[in-house]
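*Asks:* Pulled these from TrEMBL:
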type	residues	note
TRANSMEM	6-26	transmembrane segment
DOMAIN	29-185	domain 'DUF4131'
TRANSMEM	31-48	transmembrane segment
TRANSMEM	54-74	transmembrane segment
DOMAIN	229-493	domain 'ComEC/Rec2-related protein'
TRANSMEM	252-278	transmembrane segment
TRANSMEM	284-313	transmembrane segment
TRANSMEM	325-341	transmembrane segment
TRANSMEM	347-364	transmembrane segment
TRANSMEM	376-396	transmembrane segment
TRANSMEM	416-440	transmembrane segment
TRANSMEM	472-489	transmembrane segment
Amino acid sequence: MQLLSRAFVPALVSFLIGVGVAAYVLPSFALGGLFLVLALAALILWVVRRENIFSLFVVVCAIALALGVFRFTIWAEAPNDPSLEALVGENVVLRGVVVDEPDVREKNTQLYFRIEEIVDGALRTPAKGTVLLVVGRYPEYQYGDAMEIRGTIKHPEAFSSNDGRIFDYPNYLKAKGITYQIFYPKVAMHGYERGHFIRAKLFEVKHSFLERLSAVLPEPENALAGGILLGGKRSLGEEWTERFRTTGIVHIIVLSGYNMTIVAEWLGAAFLVLGFYGSLSISALGIVFFALMTGAGATVVRAAIMALLVLLARLTGRTETMGRGLLLAGVLMVAHNPSILAFDPSFQLSFLASLGLVFVAPILRERIRIFRKHLVVEEVVVSTLATQIMVLPLLLCQTGIFSTVALPANLLVLPLIPVTMLFTFATGVLGFVGNIFAFISALPTSALLAWILAVGKYGAALPFAAVHLPPLPGWLVFLAYAALAWAIYRFSRPVDHAPLPRVL
């Protein structure tokens with residue numbers, strides 16, 4: 001039992017490493033078989049020399065590695081619908097349904113279109129697959145729209161950025177269940193409201209809410225309000241998004257586990273009069289509410305789960321136990337969809353930031369003492385540093401941008417995010433009551449949003465705001481996280497079994 005307890009975390013990490021090896025080196029059942037051979041050899045060694053407990057430890061980790069390799073290989077080698085594959089490069093007519101909220105961008109709209117039938121004259125052939133449709137901004141489409149489309153179906157292709165980084169676009173889309181693209185097809189509507197009823201209503205409420213905001217807030221404050229509250233970073237436009245990326249505050253317009261945790265903690269503090277469990281319940285409900293407001297997509301649900309676990313860890317003080325729970329939750333998510341570990345930047349950054357809040361933040365909190373009299377400032381500094389430390393190697397690999405102003409920019413912005421979200425939410429709700437009330441609430445809301453925009457604008461304008469680095473090799477990123485894992489293990493205090501103090 002003691003061995004199983006000690007091998008629990010290494011086994012979980014080994015599974016993730018197995019998925020990563022298969023994703024970045026070679027998805028192969030033979031590779032998984034090699035790890036099983038290693039496990040068998042270690043097991044034989046333990047049978048021969050029973051006192052060698054380390055051999056059993058190797059058995060557990062090698063089996064976990066093999067399972068990780070097998071799981072990703074199964075995903076990578078899953079075949080597409082043969083009837084659709086035969087039509088790649090051809091002009092086709094397809095019938096299906098829009099299965100997610102339209103992604104409205106500056107120049108076009110992207111639709112996730114689930115194929116139901118291939119139409120060839122009077123012949124209709126059932127088919128399964130999801131295609132990314134790139135259509136014009138107008139007319140507007142909605143979740144649940146049933147359409148017949150005509151266009152050339154293609155496989156997505158990888159592309160390189162200006163600095164030479166190759167973006168694996170095919171696997172990025174495949175992680176979302178999308179295997180085909182059609183650019184600017186001819187669209188004919190043949191039905192509405194074919195989506196899930198509850199999800200459709202959630203999107204409807206979200207759109208009505210955003211309309212109330214746009215009626216009383218100017219641009220770009222209105223776009224930022226939607227981004228902060230509901231995670232719609234596309235609405236800001238590429239120019240502002242790039243400014244926020246340069247200053248290291250782009251995470252505020254992505255509804256991640258980190259952002260949800262910040263809001264939940266402030267809710268818990270505000271309702272402290274209800275007691276520990278009351279404030280914890282309010283915080284958890286806040287996380288669930290924001291997940292529902294965005295339509296409860298898979299990415300947001302994963303972020304909400306991680307935020308709930310981080311919240312429990314920070315409020316109860318049981319860092320080690322909840323850290324294991326967070327790691328287990330991440331492994332279960334990867335086991336369900338192994339592609340998110342390698343090809344979903346949103347999951348990667350949210351998971352790493354959550355790990356930083358659970359494992360790195362307590363270490364920094366013990367060592368950063370200059371803000372002891374200013375707990376809010378201390379918490380912002382600690383949380384920002386913890387998350388930046390955890391996501392930095394991956395961000396440098398993905399973007400090559402190192403923001404030198406990230407810490408001061410976050411210090412100027414993060415303390416205002418919860419109150420900004422509160423005023424934004426109040427403004428939108430009052431818009432349903434009457435514009436006069438919404439206009440009154442919009443005054444402080446607009447001022448807060450203008451401050452955040454000013455930090456992003458003037459911070460990005462500094463000549464030293466960001467350093468652009470060449471692409472980092474994958475092995476260097478792996479070594480960086482191995483070093484971080486060792487540092488966390490080295491500097492974390494041992495956890496005793498005495499009752500732990502509650503933060504709230």
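Keep in mind that glycine also has a Cβ here, set from the backbone N, Cα and C atoms.
A TrEMBL annotation is a machine prediction, not a hand-curated record.
Locate each feature and note its surroundings.
*Replies:* Under 8 Å from some Cβ of the transmembrane segment (54-74) lie the Cβ atoms of residues 3-4, 6-7, 10-12, 14-23, 27-29, 31-33, 35-36, 38-39, 42-43, 45-46, 334-335, 338-339, 342, all in the same chain and six or more residues away from its ends.
Taking the domain 'ComEC/Rec2-related protein' (229-493) as a whole, pLDDT averages 80 in the prediction.
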*Asks:* Counting Cβ pairs under 8 Å that are 6 or more apart in sequence, does the total for the transmembrane segment (284-313) and the transmembrane segment (31-48) reach three or more?
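*Replies:* With fewer than 3 qualifying Cβ pairs, these stretches do not touch.
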*Asks:* By a Cβ-Cβ criterion of under 8 Å, what residues six or more beyond either terminus of the transmembrane segment (31-48) are in contact with it?
*Replies:* 18, 21-22, 25, 55-56, 58-59, 62-63, 65-67, 69-70, 73
*Asks:* Within the same chain, where does the transmembrane segment (472-489) have neighbours whose Cβ lies under 8 angstroms from its own Cβ atoms, ignoring anything closer than 6 residues to its ends? I mean 6 or more beyond.
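*Replies:* For the transmembrane segment (472-489), the list is 13, 20, 24, 359-360, 363, 389-390, 393-394, 396-397, 400.
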*Asks:* Looking only at residues six or more beyond either end of the transmembrane segment (6-26), which have a C-beta under 8 A from one in the stretch?
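*Replies:* Distal contacts: 32, 35, 56-57, 60-73, 76, 324, 327-328, 330-331, 334-335, 338-339, 341-343, 474, 478, 485.
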